[in-house]
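Trainee: Here you go, one structure.
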Amino acid sequence: MSTSIKEKVSLVSLGCPKNLVDAEVMLGYLAKEKYEVTTDEREADIIIVNTCSFIKEAKQESIDTILDLADRKHDARCRLLIVTGCLPQRYQEELVKELPEVDIFVGTGDYPRIAEIIAEKEGMSEQLRYTGDPNFLYDEDLPRLQSSPYYTAYLKIAEGCSNCCSYCVIPSLRGAFRSRPLDKLLKEARELVARGVKEINLIAQDITGYGKDLAGGASLEGLIKELAALDGLQWIRLLYAYPDGISDSLIQLIRDEDKVCKYLDIPLQHVSDPVLKRMNRRSSEAEIRSLIAKLRGEIPGIALRTSLIVGFPGETDEDFKKLLHFVEETRFDRLGVFCYSREEGTPSAEMPDQVSERVKRERYKKLMRTQARVSFKHNRSLVDTEELVLIEGYSEETELLLKGRSSKQAPDIDGQVYVTSGNAQIGDIVKLRITDSSDYDLIGEIVP
């Protein structure tokens, strides 16, 4: 920077935890270059919006956020508005025309250059855009400013995706699947634990693919074993495990290793074989049912989370009924449902028999109502049991109630546990007796 006065930068990260790690890398670079990071956009000289464009709703949220923050250039101190991530990587030409309020666009391959790019903008009035090949792979030697609470962190073990589902734009935005070297992951994990992290959440587009592209026999199981040996680390959580990549050895490791949360996030998307085939998914209904039975048989009490898509092209009433019955029978602990989003450039966008938006919404509501009943019954079954809970703070309604998450609840996406009695500090992992429940949350007392 040319001035000794520190400029303040604020970053808003949208979308998934993988995006959050990218945002933390950019903040790390900026802090290293003597920018001051603030969480208050009103105080910021530079505002960065790290975007998602996976589905229609994500794109709309990104655009709405950009336009809202663009107003800060008129009524606050902001001098630069920067848009980064998947949205400019995918729509750079359109964004330049439609968003003159934005000063710089940066795609998914140029995060490490963020400070350099800002410097290049000095004295220039025209918009700048940097959207090269999406080949960036995070390295533990890169600066990263952790924005999550001190006791929990995400560890991105790979970038990109090579699964090529027919509805998905991720391979074009993030490139092919590429794993980070094992030694580099372990170095970063040690640094996180040294800073007080108790929970590490492993993330990638598909964590089961880890190591298959590396020489030397690296594997997800090997990584987990190395992480479990770290003193001070208490929870290891596995997010985004494709069903066809879940091996018997991984199941046994989840069962036998105390530090691995008895929790697994498996994006199934559907269960009807004709729909799965059109989605270009590799698992069949029979294989999915067999996997779930094996997981529950080998790991009693495991919490299973999945995501499902309704309204995929060609999804018939019978296909949806099969999906609805599957959710009723399987009783997932957590469930995310998405209406199919017709994304240009994907094979499914050109498929015949597109489902109307009205039908998509009806199916979405039916599936969510069904899951609410499943979740309520499941949570009621936990009353009078004991759970380990990570204390995260106070209830939004009253500071008389602590709140936290059990080992079977992931950050941000799952429910919470509210603590009605007992003392604990933020970041403590304590034993709770569950005394009550709602559709998605639990209530309990700390066991003395």
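Every residue number used here counts from 1 along the chain in the order it is shown.
Positions of Cβ are set from backbone N, Cα and C atoms, glycine also.
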Trainee: Would you identify which residue of C16, C78 Swiss-Prot lists as part of the [4Fe-4S] cluster 1 site it also attributes to C52, C86?
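Mentor: Of the residues offered, the record points to C16.
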Trainee: Summarise the domain 'TRAM' (380-448) by DSSP state, stating how many residues are helix, strand and coil.
Mentor: 2 helix, 33 strand, 34 coil
Trainee: What Cα-Cα separation, expressed in whole Å, is found between C86 ([4Fe-4S] cluster 1 binding site) and C161 ([4Fe-4S] cluster 2 binding site)?
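Mentor: It is 14 Å, counting Cα to Cα.
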Trainee: Which one of these binding-site residues, C52, C86, has the sparsest Cβ neighbourhood, judged by other Cβ atoms within 10 angstroms?
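Mentor: Each of the binding-site residues C52, C86 was scored by Cβ atoms within 10 Å; lowest is C52.
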Trainee: Can you tell which of C16, C168 has the most other C-beta atoms within 10 Å, given these are the binding-site residues?
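Mentor: Top count of Cβ atoms within 10 Å goes to C168.
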Trainee: For the binding-site residues C161, C165, which Cβ has the most other Cβ atoms within 10 Å, all shown protein chains included?
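Mentor: The most densely surrounded of these binding-site residues is C161.
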Trainee: Tell me, by DSSP, whether C86 ([4Fe-4S] cluster 1 binding site) is helix, strand or coil?
Mentor: helix
